[in-house]
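*Asks:* Okay, handing you the structure first.
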Amino acid sequence: MALSLIFKNSARTQVLSKLPANLLKVKPVNTRVFSQLLNNANTTKGSLVSVVSKNVIAKRVMSGDHSKLWPIEKGVAIALLGVVPATFLMPNVILDDVFAVMVVMHAHWGFEACAVDYIRPIIFGAAIPKISLGIIYVISALTLGGLIYYNHHSAGIGKTIRRIWELEPKQTAKN
Amino acid sequence: MSLIFRLAGRQACNQFLKNEKTGLLNFIRPVTLQAKPAQPPVKEGHDERNMRLKRPQSPHLTIYAPQLTSMLSISHRATGMVLGAYAVGLGMGALVFPDDIPCWVEALECYNPALLTSVKFMLSFPLTYHFWNGIRHLIWDTGKFLTIKEVYLTGYAMLALAISTSIALTVM
Ligand code: HEM
């Protein structure tokens, strides 16, 4: 607090130390600068004390420490660059499962980021943001379970998408 | 400083000091310092801070003009959500109708070919866009291509690549 006062006043003493040059010229050159300063001084005069006491240190609370998870998120995104095309080019159960696990992780973090950005406590209150993060966990878990089940008990992700590109529409065949 | 006070003693300068425009005396005022125990820092979130400072939401969407940068940014998020919805749809669908899904895929052959074409586009475009723009994001994360010029250049290159690969996959 005292420091802020010193800083405020030092701006003024700097102005003062420049004065003698103007004083010797008798006609002060930059009266406008002074009058502006005075305006500032007048407006802050009444409230300076309260301004200083209002100056409570506010510690900004951002979301928690993300430095450990961040490299993992980026690692998964880089791996997806290879896993996603590979799964569609040469579908097999192992790639299907790797695809399922990595895509669900990646999309889960993506949904989480969107929930944190848009479903904020200041708009929705304390409960809803937490509930929506919980719902995202449930959705991700069900999705992963469903995809793994599909890979092992049905066609699998890679073959299903690939099949869409292998289809021959009958109507074009007729034409 | 001493020069100022010496000058202040002189009659001529006295006038000068009291002058309304130049008046140095206006600068002089008593200051009392009062010692107070340090207050613990108040915890303040991003939104509370901006509300205290009376800052509007940034970017102010009704004022800010749409730019390539912001549009590509939000569409990365949008395509990510669309792809995520596809994944959730397939996963949840597989929990309920695991054996029906391959049949539904086969059924695509029976309809107007425009349906199959639009399905291919709706699958491929979000993926190619998110794929190429994802590379752009990952390069940014290493600290490269971050000047405005490079951001626009890679933005147009990515768009061209995303649209062309998506069309190629759609007509395949
Ligand atoms: C094919 C390779 C992929 C790459 C390289 C990739 C890359 C990325 C990157 C780097 C981000 C973070 C963007 C940021 O920094 O804000 C991201 C976000 C996201 N991705 Fe992907 N992604 C890929 C595939 C997918 C797939 C297949 C899905 C869905 C199933 C998906 C869903 C999402 C979602 C929901 C987000 C969150 C959007 C956001 O936070 O803005 N991504 N992706």
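Cβ atoms here come from the backbone N, Cα and C positions, even for glycine.
Please treat TrEMBL annotations as automatic predictions, because they have not gone through curation.
What TrEMBL shows for this protein is this:
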BINDING   A:HIS106  heme b binding site
BINDING   A:TYR118  ubiquinone binding site
TRANSMEM  A:76-94  transmembrane segment
TRANSMEM  A:131-150  transmembrane segment
*Asks:* Hey, how far is A:TYR118 (ubiquinone binding site) from A:HIS106 (heme b binding site), Cα to Cα, in Å?
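*Replies:* Per the Cα atoms, A:TYR118 (ubiquinone binding site) and A:HIS106 (heme b binding site) stand 19 Å apart.
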*Asks:* Give me the count of other Cβ atoms within 10 A of the Cβ belonging to the residue listed as 'ubiquinone binding site'.
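*Replies:* Around the residue listed as 'ubiquinone binding site', other Cβ atoms within 10 Å: 11.
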*Asks:* According to DSSP, which of helix, strand or coil covers A:HIS106 (heme b binding site)?
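*Replies:* It is helical.
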*Asks:* Near A:HIS106 (heme b binding site), which residues of its chain come within a Cβ-Cβ distance under 8 Å, counting only those 6 or more away in sequence?
*Replies:* A:GLU73, A:VAL76, A:ALA77, A:LEU80
